[in-house]
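Participant: Below is one structure. I have some questions about it.
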Amino acid sequence: MLTALGVGGPPHEHEHAHTKRSAQYEGKTGRFVRAADHQHPNISEIENVTITCFNSEELWDIYGIEHEIGMTENEFQDLCPSLIQQLLRQPCNTEATTDSQDLSAKVWIYSSLSVFIISIASILGGLLFPCLPSKFYEKFLNSLISLAVAVLVGDAIIHLLPLATGLHGHEEGVVHSPLDPELAYLWKSLVAVIAVYFFYVFETLIGSFSGHDHSHSSSDHITMTTKADQENGVIPKSFSQTALTDYVDSSPEIVTVKKQNFLTRYGPVPVMIIMGDLLHNMGDGLAIGAAFTAGLGPGISTSLAVLCHEIPHELGDLGLLLKLGIKLKWALFLNYLSSISAFVGLYIGILLGQTEAARQWIFAITAGMFLYVALADMVPQISNIKEVKDPWLTFLLQNVFFLFGLAFIFAMALYEDAITVSL
């Protein structure tokens, strides 16, 4: 019976296997006592043996059951709690521990590989930066930003918020029908993202036809301010980052004065950029680490979201560093140093993400960060198409990239539980 239930390890070889057993194994002390002295194990004793594998002979000895006679109905009732404990804890089954160790190894390997690929992709994008024609670069960057908006908003609303609120749990290898009632929240989340897309298209078209847009781009203000300051020969008291760069480019006498050290030569802007990247990349790593502890699907989805917004972000930072006069090799080196912080955040995220409660809080924070970066930082950069060359082609590419990114994120959410990868 015990063998059929899968309880207990292999029996020990004893010389008197069929003799009458009146001794009892005491799990706490590791010694045998007489059956006459038998008392049922108390709570503290049970807690000390919850991970101990007992074979059938030891279980019978613990409860003082005669091997030759067999057990009575009352003895079987006494034995049942131990049988249940052995079935639930499965201390004799080494496969469960191995699976847990394999899962932990996969989390560390896949997440580290993901962050490494993101870091390399950002550097390769920087190497391609000088090779791109100016016209193509503008369209390419706007398309990447549009893709990043779709992936960030989609991942935040479709993926991260349901995980943070406990609406979705992962069952690897289980395929749900797209119309399964359990996935109703996904379709509602998709509608929310489509609403964001609709109002983005509506505002862009209205701004293009009416001659007014709500993005309030600072480029016009920057141009007027810079020209006025050049005529007066003074620097305005308040400068945005772009305005400061434009003014330095148009003022040779200022550039020649500031050539003493890194800060006096380039100003505080590069330092602020690198410090911001350090914190930003650490947050990205934290999100990726927590996502991979929840499952392979969330890990891939979040990694894609980070990759899509990281490439245009790094290209923008690289362009600004180059415009400030920093050489390409040093700009790439500084970006690479900042990307290392992603690994620090990654390993912190994996350690914190071992518990469901911690993962939910991390997902909530990540969703907020993704929404802010997408809607506050990136949408204004692509909503004013009047200032780019070939505005309608640019607008078409932005929509194609946005819809592609949204479709990918939604497909990942639908079928992520079916994704199983073995090392």
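Just so it is clear, glycine is given a Cβ too, placed from its N, Cα and C backbone atoms.
In case it helps, TrEMBL gives these features for our protein:
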REGION    1-25  region 'Disordered'
DOMAIN    2-89  domain 'Zinc transporter ZIP4/12 EF-hand'
TRANSMEM  107-132  transmembrane segment
TRANSMEM  144-164  transmembrane segment
TRANSMEM  184-202  transmembrane segment
TRANSMEM  330-352  transmembrane segment
TRANSMEM  358-380  transmembrane segment
TRANSMEM  392-415  transmembrane segment
Participant: Test of understanding: applying the rule of at least three C-beta pairs under 8 Å (pairs 6 or more apart in sequence), is the transmembrane segment (144-164) touching the transmembrane segment (392-415)?
Facilitator: yes
Participant: If we skip the immediate neighbours and take only residues 6+ beyond the ends of the transmembrane segment (144-164), which ones have a Cβ under 8 Å from one of its Cβ atoms?
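Facilitator: Apart from its flanks, the transmembrane segment (144-164) reaches 185-186, 189-190, 192-193, 196-197, 200, 294, 298, 301-302, 304-305, 308-309, 311-313, 315, 359-361, 363-364, 366-368, 370-371, 373-375, 378-379, 381-382, 397-399, 401-406, 408-410, 412-413.
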Participant: With Cβ-Cβ distances below 8 Å as the criterion, list the same-chain residues six or more beyond the ends of the transmembrane segment (184-202) that contact it, or say none.
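Facilitator: Sequence-distant neighbours of the transmembrane segment (184-202): 149-150, 153-154, 157-158, 161-162, 167-168, 375, 379, 383, 399, 402-403, 406, 410, 413-414.
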